[in-house]
Every structure is written in structure tokens, then in C-alpha cells.
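Asks: Structure in C-alpha cells, see below.
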């Protein structure tokens, strides 16, 4: 061995494997305002201390690897490493812990949700020291939030574009989601928009299939929009799904929508990917298009309470990547969503500053530094009897989206939309008069039925409908 090698070997380097907690568990650490903070629900393997499991997550999602390496000496680990700085047991759960990890801001590329997730969740979920791992929440510091454009327009700009104020917006997903020709699809859009809706919508898997190519659908839907606008005097829209197999094709479809003069396009942000979504968001801001976001595939990631990622994290990521609407669950329909938890991430989408509130699943105070807000979209198994609860729960800055609850009306599409619009207007008027929607909702709807036969027919059809099931999977 050369003298030079002997000297290097004697200065602070010892080959081999050592416990992660010796380097990455730092309970004395005081977090910085610029740190990205993460709350992981960790289920360690039997015999693995929570400190070691939490430190392993911090290491493998930042600077660490399974063994000591020479090149550790070429940088400052104290500056760049992630730190597990606090651990607390999960109440009511054996061998589960919330491990809090702080990441220095320099670890992340500016304006890239893709890079942020690649670092924080890209490699740690298959790690042997943990039996299961779930990312419950992230604190995005203002210093990092300001590197993102965020939503193309935001809530106030959308209301100004649509000239609609003081009530939730109404939408409808065209059904059947697959199989209609472009002309029949456009006909259904027209009937719904003419009947009183603000928006109609492509479903998440409507792209460009043999039975209906995207360009044909765009043209017939644009015709429906213009005809309905001329007859109602209201601004209308249809979420034209621009999701495609390549980013170039996606932008081409969005550009065609812009040429048609329609107000809004749509993207499946999880299946399409964050890089594609951010690119489309930039295009939409530059070209005056609103951007509706569908969360297709989210339950693959967020439904299990012990493993994966909570939707509040995906919601924060969407606000950073860019979108003016996103589906958020309903609390009352066919898709899962517990009320306080749902309202927690709805606030994270809409508000500028959100206080820590563990009862609603919010682990960190979040300051968005004036980033535009996102409108939550309630959809999935909802109908006219749900209108009072939806109006009370989601408030004005929301889209209430009825698919089967519109197109399933016994008299057809237009009467179905009229029923929904009358129910909404009745609930908004009652709320503005000071009535309690939660307690008096059914009476309000029944009273409105007296002057709307369409609503009366809808109430009769769906009076017995309930979506029963076990309690929500998510727990605090």
C-alpha cells in the first residue's frame, strides 16, 4: 500500500456497513424555514427500531446508500443529507410511527415536481427495513413554492373568464364514457349545456379511439358550446381531454382546442405524468386556456392507509405542477372520502395559508406565497338529493359534477341538467337567506320540486339510492 493510500485511509474513512441512525437520526435538529418537511407513516420490520427505520428513509431519499463510500468525503453531508428529526407512535396502531424528515432545499431542482418526487418517494418504498411506508404530508417552503408557476389561472381569473359568481359551478361527465360517435357525443354535450350546466366533460379514458377520434370530438363539442352559449347567454365549456401518448401530441391537441376558441382543456395528470402536466400548464397560461385535471390512478397510490401516498400530497403536487380544477372526492357519493380529511386537502388546494391541524390530517402549516388556488371538483355517484350537502361542504369555489345524476334522468339529458340547476339555485338561495342546509336540505329540495317538474322527477328516481360500504380506509 502506498503512503498516499495509507494517509487517505487513516483520515475519517472506514469501509463497511453502519446503522443509518448514527448519521441520519438527529432529534436535536431545528428545522429551517427553507427545508422541505415530510411526514412518513413507517411500519418497521420486526426487530428494526423506529429510529433506524426513520433514518433509513431519510438516508435513501437524500444522500445515503447501503454502505460507506469514499466520495462522502468530497462533499458536505451535513449540508445535504436528509434528517429524521422526530418520531411519534401512531395512536391505536401497533408498530407504526410517524417519522418526520427534513430535506435541505438544495437537494431539489427548481420548478420540478418530477425531481421532488423522484428524490422523496422514488426509491425508498421497497426498502427492506420497512414493512410498509406511506407519505402522509409534505411542507413546501415558500422559497421552493415560488419556483413554480402553479395553476395556469386560478379561481378568481376563472370566475372572471366565465362571468359566474356567488355559486358553485355545475358539470357533467358524458356517459357512456366510451362508444359514442363524435356527433352523438356532441349532441349530448349540447343538451346538457343548453339545460343549465356550466361544463360538460370528457371522461378520463376518452382520448382518441377508433370509435371517436380526438379531432372530430373537439369539433362537435365546440359546436355544442357555441350553440348553447347563443341560446342561453351564458359562457359554457367542455373539458376536452388533451391527454395523449406523447407530450408533443398533447400540446398539438391543446393548440387545436385554442384554435376552436373553447375555454378549457383537460389532462390526466398521474397517468400523463408531472412533466407533461407542467408543460401543458405553461401552455395553458400562455394561451388563455383553463386546465381541468383528472386524478385517474390516484387510488392505486393513496387508498391503503399503511403504504403509498396520501392524496393531500398529490393535491399539493398538482397545485405546484399546475391545474385550475382537480377531482377531490365528494364525501357523500360513490367514491371514498372522509369529510374532515377531504376538507383538509380542499383547503390545501384553494387557500393561500393553511394552519397545521392534525384532526384534518394536515401535519404542517403550509404557506403557498400567493400561488393561485385550484377549484376542487366533487364527482362520483352524486344526484339532486346530495345538492344541499355538497353546497354546504364545498362552498362556492367548487365544481359539482353529476354524470349519471344528469344523464340518468327519466326524461332525458336536458331535463336532468335543469333538475340539477334548479336544485343548486334553490340551495344557494336558501343558504343566502340564512337557512341551515345540513338540517333543512331535504325540505329545501322538496319545496323546489313544486315549481320544477324536472327536479320532482329526478327526486323520485333517486330517492332510495345510497352507496353503502365500510368506513373510509384513511385514518389519522
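Just so you know, glycine gets a Cβ as well, placed from its N, Cα and C.
Copying in the features that Swiss-Prot gives for the protein in this structure:
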MOD_RES   3  N-acetylproline
MOD_RES   14  N6,N6,N6-trimethyllysine
BINDING   123, 173, 177, 295, 327, 379  substrate binding site
ACT_SITE  175  active site, proton acceptor
BINDING   201, 203, 204  Mg(2+) binding site
MOD_RES   201  N6-carboxylysine
ACT_SITE  294  active site, proton acceptor
SITE      334  site 'Transition state stabilizer'
Asks: DSSP secondary structure for residue 379 (substrate binding site), reduced to helix/strand/coil, please.
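Replies: DSSP assigns residue 379 (substrate binding site) to strand.
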Asks: Spatially speaking, which of the recorded positions 123, 294, 379 is closest to residue 204 (Mg(2+) binding site)? Use C-alpha to C-alpha, please.
Replies: 294
Asks: Since the record lists 177, 295 as binding-site residues, which of them has the fewest other Cβ atoms within 10 Å of its Cβ?
Replies: 177
Asks: Do any of 123, 203, 327 (binding-site residues) have a CA within 10 A of residue 294 (active site, proton acceptor), and if so which?
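Replies: Within 10 Å of residue 294 (active site, proton acceptor): 203, 327.
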Asks: Using the Cβ centroid of 201, 203, 204 as the reference point for the Mg(2+) site, which residues of the same chain not in that list have Cβ within 8 Å?
Replies: 173, 174, 177, 202, 205, 206, 239, 241, 266, 294
Asks: Counting only residues 6+ apart in the same chain, whose Cβ is under 8 Å from the Cβ of residue 123 (substrate binding site)?
Replies: 60, 61
Asks: Can you name the residues of this chain that are 6 or more positions from residue 327 (substrate binding site) yet have a C-beta less than 8 Å from its C-beta?
Replies: 293, 294, 295, 376, 377, 379, 380
Asks: Could you tell me the C-alpha distance between residue 173 (substrate binding site) and residue 201 (Mg(2+) binding site) in angstrom, no decimals?
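Replies: Answer for this pair: 5 Å between alpha carbons.
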Asks: Taking just the CA atoms, what is the gap between residue 203 (Mg(2+) binding site) and residue 177 (substrate binding site) in Å?
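Replies: Spelling it out, the Cα of residue 203 (Mg(2+) binding site) and the Cα of residue 177 (substrate binding site) are 6 Å apart.
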Asks: At 10 angstroms around each C-beta, which of the recorded positions 175, 201, 294 has the fewest other C-beta atoms nearby?
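Replies: Candidates: the recorded positions 175, 201, 294. Fewest Cβ atoms within 10 Å: 175.
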Asks: Looking only at 123, 173, 177, 295, 327, 379, which the record lists for substrate, tell me the maximum pairwise CA distance in angstrom.
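Replies: Spelled out: the longest distance between any two Cα atoms in 123, 173, 177, 295, 327, 379 is 37 Å.
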Asks: Is residue 203 (Mg(2+) binding site) helix, strand or coil when read with DSSP?
Replies: coil
